[in-house]
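Structure first, commentary second.
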Amino acid sequence: MLTKFETKSNRVKGLSFHSKRPWILASLHSGVIQLWDYRMGTLIDRFDEHDGPVRGVHFHKSQPLFVSGGDDYKIKVWNYKLHRCLFTLLGHLDYIRTVQFHHEYPWIVSASDDQTIRIWNWQSRTCISVLTGHNHYVMCASFHPKEDLVVSASLDQTVRVWDIGALRKKTVSPADDILRLTQMNTDLFGGVDAVVKYVLEGHDRGVNWAAFHPTLPLIVSGADDRQVKLWRMNDTKAWEVDTLRGHMNNVSCVMFHAKQDIIVSNSEDKSIRVWDVTKRTGVQTFRREHDRFWILASHPEMNLLAAGHDSGMIVFKLERERPAFAVSGDSLFYAKDRFLRFFEFSTQRDTQVIPIRRPGTTSLNQSPRTLSYSPTENAVLICSDVDGGSYELYVIPRDSIARGDAVPEAKRGAGGSAVFVARNRFSVLDKSSNQVLVKNLKNEVVKKSGLPITADAIFYAGTGNLLCRAEDRVVIFDLQQRLVLGELQTPFVKYVVWSNDMESVALLSKHAIIIASKKLVHQCTLHETIRVKSGAWDDNGVFIYTTLNHIKYCLPNGDSGIIRTLDVPIYITKISGNTIFCLDRDGKNRAVVIDATEYIFKLSLLKKRYDHVMSMIRNSQLCGQAMIAYLQQKGFPEVALHFVKDERTRFNLAIESGNIQIAVASAKEIDEKDHWYRLGVEALRQGNAGIVEYAYQRTKNFERLSFLYLITGNLEKLSKMLRIAEVKNDVMGQFHNAMYLGDVRERVKILENAGHLPLAYVTAKVHGLKDVVERLADELRDDIPSLPQGKAPSLLMPPAPIMCGGDWPLLRVMKGIFEGGLDNMGRGGADEDEEAADGDWGEELDMVDVDGLQNGDVTAILEDGEVAEENEEEEGGWDLEDLELPPEVDTPRASVSARSSVFVAPTPGMPVSQIWIQRSSLAAEHAAAGNFDTAMRLLNRQLGIKNFVPLKSMFLDLHSGSHTYLRAFSSTPVISLAVERGWNESASPNVRGPPALVFNFSQLEEKLKAGYKATTVGKFTEALRLFLSILHTIPLIVVDSRREVDEVKELIIIVKEYVLALQMELKRRDMKDNPVRQQELAAYFTHCNLQTPHLRLALQNAMTVCFKNKNLATAANFARRLLETNPPNENQARSARQVLAAAERNMTDAAQLNYDFRNPFVVCGATYVPIYRGQKDVSCAYCGSRFVPSQEGKLCTVCDLSVVGADASGLLCSPSQIR
């Protein structure tokens, strides 16, 4: 049993399928009638006017009607389109058990517990016949599908067959008068319309159901004696043929299957049983846990059944209808009616190849499930569910495809699924041991291989490979190497379809399609609400698939759509061009021609094959809102523009794609205020002042016009606006225009005319218009306002515009891909477009009719030619001249780039500082971009730096030094521009270089020299400052080559030694009262790695200090070392020799020093004690200074930046280190 749909509800007593739509009616014990869509699994409607259980329900074959009968003695006829009951038929005196429409006449038959059967005319809404004769409840009554018979079953243990021929003759109006006379007699004297033809007795208990066979003279009945009886009838009599026993409780409903020789019955024993009519034996039983079955219904045209039980209903099929098939090149092998058949796609020739044995068992679902074909050996593997899963191998003789007579012997074996994996090898899945057996064509096992997952099916996945399916995943397994080549989590996969080149695979599950590569790398997933049935790949790599009611496509990026609707499900076998070859459920080959334009168009867009797109736009009828929305969503509004005839949509798309010219043309056609306003906004965004002005003029938007003239510096037009405001008597408008013009006299005049004399007086007084002040003072007399004391008035003038006159210079924009091709399309040729654009634009503005006031020239536009030249000279330069144009060229014209019919506005770019950050791991560049946070994080990671205070000023210098700032004019914010390193004239404008940095390596070399100089002359504090500043700058240096990186690292070591040495020397000088420590520090000074001149000075210094403190042996050592450096200064050499001579007389030390010059050591940078070779130490992550272990985790005292002993990746100061 294949359950297709299940509902949970009250007890279901009546069921009826719709003949055409995927609908089923269920009438419930609660009095509700439900209308379900069993394909979508949704409740469409519910009807609840009955009082008490509704036991019978039936759809009309062709009208939008259904009838129901219930325990309220009422028969109701409903119209499901109007969602209401049309009328109620009254007459029965007890519960109504069943109702049914006649297939041809406007009749309804009803059976009732009042022991009668009634036939009603639903058009005249009357009862036309009452069939009496049963002497207990009548449990069911139904019309014969072809003849004038009614069968009924009753609890009086009989089944009756009634002849209603007379009723039919009466309904079909009599042809002659004699007949009409007899008709009248019968009406008058109570003739009989329906007579009992047979009474079938044989059941021992009440009969619950009886039904006719759709074509043969058979009746089946089920009763409370738990038996199903089969009856045969002829013209004169009816007799019992056989009894089917097996149910354990009352049989509630029974019927013949329309397509197969079987009887289906259900019972209160909670089972549905299937019986073979010819053998009269039970074939299969389906049981439920807790629910008794009450009713069965079969679909009038499809292979579907439904059963109602205590807690809902199920819609099911008894057998799969999908034919097993395999495609190989131009041929298709498929199984149909116990035969293997062959179909050639090119010639559409269909032949029978060999008979396939039908299994000996009687159970259902034994037909072939899958088919696998090996073209080289001409062998076919057929798998079915016989014996819990088995396969048969047929090797077809070459010539038998033509003849179909020789029957080769099949080789058989057990196994859930079997597929060919090579020319003469096939794999069989052994589920019990979860391994695959590879067999040859003699059906002998060649190899066994354990599977990596618990598989329940295997599919072909290329030579030697298998695709194994588990509940929630699939894997590709290489049988040769026993390796998993790919794995993917999926819903339960039912079918696998490989593309022709074996590069892609589609995995079909019940409600999803997963497309993956040959290694099972996921590409996209599609979800369907309706069950997916089949699919195949077309030549373009598009996957075409079918659901129960559609053929659909899926593009490589996951976009999908409907190609066409289906009446009945089909199974796609192959796609060739625009033809889909498929098998239907009857196993017939069909070819369906489809229109592939839509998906080929989308595929071309996706693959950027714009030439295809162009030709398709020109030649096809691709249009409609869906396609326009798709193009818009995918970022091609300019293409959508060429599909659209509707002006409003054209306008929206033109605005979106920045195509001012088309937008203007559409706005003219629409001519609505809102559209002109939006056009103005877009034109202003593009800096197309002429069109902005035109749009404002069309909507008579004077305030905006005035402001536009102010910012474009068009004073002449502003004064015209002032006159227009005067004529319109718009006082505020006049005042604003006078303000924008900076015309004080005009402002005073306006205030005076408006009656604001005090304000007029103040304005005139402040601006020093003496004549006006005097005149106004006379008028005001005592009301002269006083001006505030001690305030200096300033002149309120409009700011000078950045750019006067015409349109903004535009960026050079690459033409859109479609421009060239689409220019001559759309609405006539390009010339017409140009003309149309110009023709209308010089029109006079009828803002107001005043003598001598021409507003047609309230426009100021650059001539195209001039803009083009200017753009070539310097990109993005401002043009600061107000053009004195003669009135006849004053017609707005779409801006430079808009000359072609599609202007593609450039997309806003990324800020340069962001580009710098994206590409760089160098802290200096992050600081230059203003991203101090990441710069600090980088320095911490690379050099362990924790103290950023010394670096703060450098960060700020780097940031401000890599930007330059422009002040445009007083009221705008300052514009910052990025300064790039190594920029030159020939650099590409779209490629961004790294930031210019204020610190460079050569500066450090200069500082180093200055440090040496200061050290030589003994300015130790100055020297220490210089060396420290070098140490603090190095983390923010960027150099180009690897060689320079080495030099920077060398510089750190040199400077670190000097910083340590100078720090010790300065500390020594501060110690006046500790001669031993003074001597030690002087001694350590000589062990820093210094330049030779500085070393000599250090040695001389140490020698002097020790000699003075009577440490002669130590002093002698320094003197000896000093002489070894060959000092050029004679004084130094002489004093060294003298010290040596004095020491030789008395080789002793007055004080013991912590200093052993024979044992190599380094000096701790914090405690200034020697760390001898072999002793533990820790070092600074940045400068490399050494420290005693107790200093770990503290700030380095030498560089003052990094943490001693921190983990760090090392100095990064060049892009060459990153490549």
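Here the Cβ of each residue, glycine as well, is placed from N, Cα and C on the backbone.
The annotation domain 'COPA/B second beta-propeller' is assigned in TrEMBL to 340-584. Residues or ranges marked as domain 'COPA/B TPR' by TrEMBL: 625-770. As annotated by TrEMBL, domain 'Coatomer alpha subunit C-terminal' applies to 815-1219. The repeat 'WD' annotation in TrEMBL covers 47-88, 89-130, 131-164, 200-241, 244-285.
Below 8 angstroms of C-beta separation, residues 136-137, 139-140, 142, 144-146, 149, 151-161, 247-256, 258, 263, 265, 267, 269, 273, 275, 277, 280 of the same chain, each at least six residues beyond the ends of the repeat 'WD' (200-241), sit close to that stretch. In terms of DSSP secondary structure, the domain 'COPA/B TPR' (625-770) contains 114 helix, 0 strand, 32 coil. Sorting the repeat 'WD' (89-130) by DSSP state (H, G, I as helix; E, B as strand; all else coil) yields 0 helix, 24 strand, 18 coil. Under DSSP, the residues of the repeat 'WD' (244-285) split into helix, strand and coil as follows: 0 helix, 25 strand, 17 coil. Within the same chain, residues 11, 13-19, 23, 25-33, 35, 94-101, 103, 108, 110-112, 120, 122, 125, 300 sit at least 6 positions outside the repeat 'WD' (47-88) and bring their C-beta atoms closer than 8 Å to a C-beta of that stretch.
Model confidence over the domain 'COPA/B TPR' (625-770) stands at 84, taken as the mean pLDDT rounded to a whole number.
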